[in-house]
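**Q** Structure in structure tokens, see below.
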Amino acid sequence: MDRCIYGCSVITIFFSFFFLLNASALESGHHNITGSGQINSNSVLVALLDSRYTELAELVEKALLLQTLEDAVGRHNITIFAPRNEALERDLDPDFKRFLLQPGNLKSLQTLLLSHIIPKRVGSNQWPEENSGRVKHVTLGHDQVLHLSKLKGTNGKRLVNSAVITRPDDLTRPDGLIHGIERLLIPRSVQEDFNRRRNLRSISAVLPEGAPEIDPRTNRLKKSATAVSVPAGSPPVLPIESAMAPGPSLAPAPAPGPGGAHKHFNGDAQVKDFIHTLLHYGGYNEMADILVNLTSLATEMGRLVSEGYVLTVLAPNDEAMGKLTTDQLSEPGAPEQIMYYHIIPEYQTEESMYNSVRRFGKVKYETLRFPHKVGAKEADGSVKFGSGDRSAYLFDPDIYTDGRISVQGIDGVLFPEEKEEETVKKPTGPVKKVVQPRRGKLLEVACSMLGAIGKDSYLSRC
């Protein structure tokens, strides 16, 4: 017989306790799944999107980081250092801001924003003291670190790196908090990417190298100026016959071109970069699909760029590509011919094209579909290509510009202008009139006189 405690058996108490533990574990597991799969309305991310830091929230959306931050909040608390709006609007270098907003620099923008977020909760009361030095925290960015400290002699003013915390614990939520800071924190890797892109180091050509020179005395390559010369008074290297013989008639070799063995231009990487930019930018998936899957134009463009050519691509958006009929695409080689007409072997930006049409009125650009040219003119404050129903406006400027490839978005598919066949009219000569021979004047008078008296039958010619 089981022992009883206050009228209940020990076995009954044990099973009741076991079931309570299982129910608690199931409830906690269900709570974790819900927390990681769906963000609560009281989340710090929702607070950021609805806060005064509108510029930072807009950059987070443009960088496509909402899903990444939702996953981070589902795993742990986060601390966000949010720059004030004025720091992003007026204090930031316009060229640097333009660099961040270009679709091709999405990774740099993501690294910049993630370096403002620490994957743990750090409140203002957890700041190190003035005499304890700086405390290092790893951010969500790629190997980016933030140092927290207090400025000495300023009554405990808090610092993150070298930026002052202007609003400590500005927004606090159960899954994180937001501190307001005075300026943007720029990682060194992002600054190097900006400097490299601004100086065009990754795509600029190297200095040409001269052809090797041959010493006629030795029939060998000349050594550099720093090499040790033959001392004076030493015997000649070659016999006198070889020294007096005429040297080889060699023309100087050309300097190595862009498509040489050094591969100064990586055309394949640049074409792949601009196609990825089209996909991330949105609205040009059909154009990217034709370049990569339906044709081999991506490979051809990469080869051209590697050889030193520059290209400008007039990219029709998906809406324009959807208007193409089956007959226009079913002919052999039709997609290639259509795309060739949209590629200009020049480097043009929206500004350069607009300035040209404003200055010259109408401009014609060569295309890869030789000998057809695409015409451009100024219309409605923009650049209009083509004419009539087959025209298109430049409405999405400078989607991708890297100094070698320029992509400009247009709202229509261009076709070469069909020249009307001129009907050749054969020149007709003047109509020759047959002049009847006139009878003599005397004969006419005689016939008329004989006719008056009824004797005209006497002359057979009357």
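Glycine too: its Cβ is placed from the backbone N, Cα and C atoms.
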**Q** Among ASN22, ASN293, find the residue to which Swiss-Prot assigns the annotation N-linked glycosylation site.
**A** ASN293
**Q** Looking at the glycosylation sites ASN77, ASN293, which sits with the largest number of other Cβ atoms within 10 Å of its Cβ?
**A** ASN77
**Q** Any idea what the model's mean pLDDT is for the domain 'FAS1 1' (40-185)?
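**A** Computed over the domain 'FAS1 1' (40-185), the mean pLDDT is 88 on the 0 to 100 scale.
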**Q** Per DSSP, what is the helix/strand/coil residue tally across the domain 'FAS1 1' (40-185)?
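**A** Helix (H, G, I), strand (E, B), coil: 56 helix, 40 strand, 50 coil.
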